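Student: According to TrEMBL, the transmembrane segment annotation covers A:6-30, A:37-56, A:62-86, A:93-112, A:142-161, A:193-215, A:227-251, A:271-289.
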């Protein structure tokens with residue numbers, strides 16, 4: 001019984017961990033390209049999921065098209081946010097940049113609550129079969145799809161940054177903005193594009209989570225959970241974000257196991273990533289795969 | 001963020017003492033005394049509603065000042081100020097419950113919060129900038145979780161009863177009398193902060209903010225001052241929280257969430273980072289903003305806009321949105337905050353009719 005519970009929790013951890021990894025990658029993408037710590041990452045998930053949900057329920061669009069429109073919309077949305085809000089702040093102190101993303105975060109969170117209410121709304125059923133039997137464990141189809149989508153996104157990111165022209169331009173900008181500019185790369189476009197891609201991919205993650213758990217403002221909590229993941233992996237490492245996401249996902253579920261079996265505290269699941277975060281910051285602030293150039297004080 | 005003092009040209013001060021006075025001219029001192037005297041008379045004619053708003057501005061203003069010392073003067077970001085505010089409230093309620101006189105409990109709560117703040121400020125000795133911001137974000141969630149769990153201290157989810165404020169047997173609880181208590185703490189807190197900023201410690205904090213390498217070369221102990229800023233900030237937050245607890249008579253973990261922390265950050269950004277009076281201006285703005293939204297919504301009730309948007313149901317969300325929006329707009333269009341605008345107005349009148 002207990003070992004089965006443990007196994008189930010580990011699988012849950014891996015599934016949720018890949019999602020954290022995807023959101024973490026989006027976060028790192030923005031940070032690497034434009035040196036902005038985006039506290040509004042969770043709201044990208046939220047807005048994307050609500051848009052898709054609204055298209056599906058209010059307009060009865062087939063899932064595939066609704067999903068596609070939502071992702072395209074988020075791409076435009078991300079670019080717009082960068083151009084309207086973040087661009088005037090280039091060169092301002094880091095406090096201002098962090099604060100403006102926090103401002104964006106509460107603005108959109110409240111707007112979404114106002115427009116769609118505070119209750120979780122389920123997606124219309126998408127798969128003909130709700131559960132599949134794998135090796136004696138009942139796994140929800142949505143979970144399988146979520147893992148599949150996450151892995152596909154990760155592979156896509158890897159291809160994009162290794163082989164595509166734009167991806168290489170983005171890496172060059174992350175390496176040195178001046179050098180990139182002198183090679184004819186438009187740094188402004190790269191900034192805008194990184195926000196666009198990040199918002200679009202976050203929207204995919206948001207829709208996936210929405211299908212599994214229903215769409216609600218709890219989605220924006222992903223944007224906060226992503227901090228332990230990216231700090232653990234190293235703030236400027238895309239690969240690190242994936243590893244960090246997996247570790248945080250596992251840690252949460254193992255924390256819940258320990259909690260339910262031994263400690264009986266009740267909410268270790270939610271709080272354990274933050275303890276981990278403090279410990280990492282104390283002993284290894286650049287994370288597992290990050291560049292070691294953080295100035296120590 | 002830099003303080004550009006807009007005194008008329010020609011700086012004739014010849015001694016350090018003249019440069020370090022709290023009040024730059026005698027007129028400023030007179031104005032401050034007059035303002036305090038005017039505030040002392042307020043309870044005689046102001047309505048209960050106005051008084052409660054002013055008390056709210058008072059205790060929030062003290063906490064905002066603490067955050068401004070941390071963010072504006074020493075350049076470190078904290079996204080967990082609300083939990084220190086809350087800790088002060090719980091600590092004071094706890095101490096008063098154990099039999100400590102309330103005025104003493106408030107001060108002790110401030111000191112207790114200082115210790116907690118120093119513990120969470122320890123990462124500040126090692127990491128900076130956004131890493132510190134993320135560390136304080138973790139502090140926000142960890143302490144919030146602690147408040148729910150520590151029933152012996154906070155009463156858990158039920159909350160804790162805070163004893164009414166009494167001084168030498170006089171009951172100072174009602175709005176009109178408690179106003180003076182808050183006013184006293186505000187005046188002492190703000191003069192204390194002004195005094196700190198003209199001393200060596202205050203200047204060291206600013207030096208650390210502006211260029212930490214130069215500061216270190218000039219003999220400023222970075223670790224000490226970064227951690228100290230956390231301590232001072234938590235002290236002010238604790239005092240503010242304790243005043244809140246004894247005003248309401250009840251302290252609960254409700255409302256100590258991250259949005260409240262962001263509201264504190266909003267206050268100091270709107271008021272002006274690195275400006276002492278700015279903290280108070282920002283607090284006034286932030287307290288009046290939701291009220292103004294309420295007035296606007298009731299003024300518009302029944303009109304076309306109301307019917308389309310359902311203002312009454314969405315008022316809480318509208319307030320949150322306005323908080324976010326004002327933070328964004330101020331950062332883009334007026335990054336130095338209201339204090340800067342105020343200085344411009346003052347300079348305009350001082351230099352009239354010659355604008356230079």
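The backbone N, Cα and C atoms fix where each Cβ goes, and this holds for glycine too.
TrEMBL labels come from automatic prediction, so no person has curated them.
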Student: Counting CB pairs under 8 Å, which listed stretch among A:62-86, A:227-251, A:271-289 touches the transmembrane segment (A:6-30) the most?
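Tutor: Stretch with maximum Cβ contacts: A:227-251.
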Student: Which range wins on Cβ pairs under 8 Å with the transmembrane segment (A:193-215): A:37-56, A:93-112, A:227-251, A:271-289?
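Tutor: Looking at each of A:37-56, A:93-112, A:227-251, A:271-289 in turn, the most contacts to the transmembrane segment (A:193-215) are made by A:37-56.
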Student: Which one, A:37-56, A:227-251, A:271-289, has the most C-beta pairs under 8 Å toward the transmembrane segment (A:93-112)?
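Tutor: Out of the listed stretches, A:37-56 contacts the transmembrane segment (A:93-112) most.
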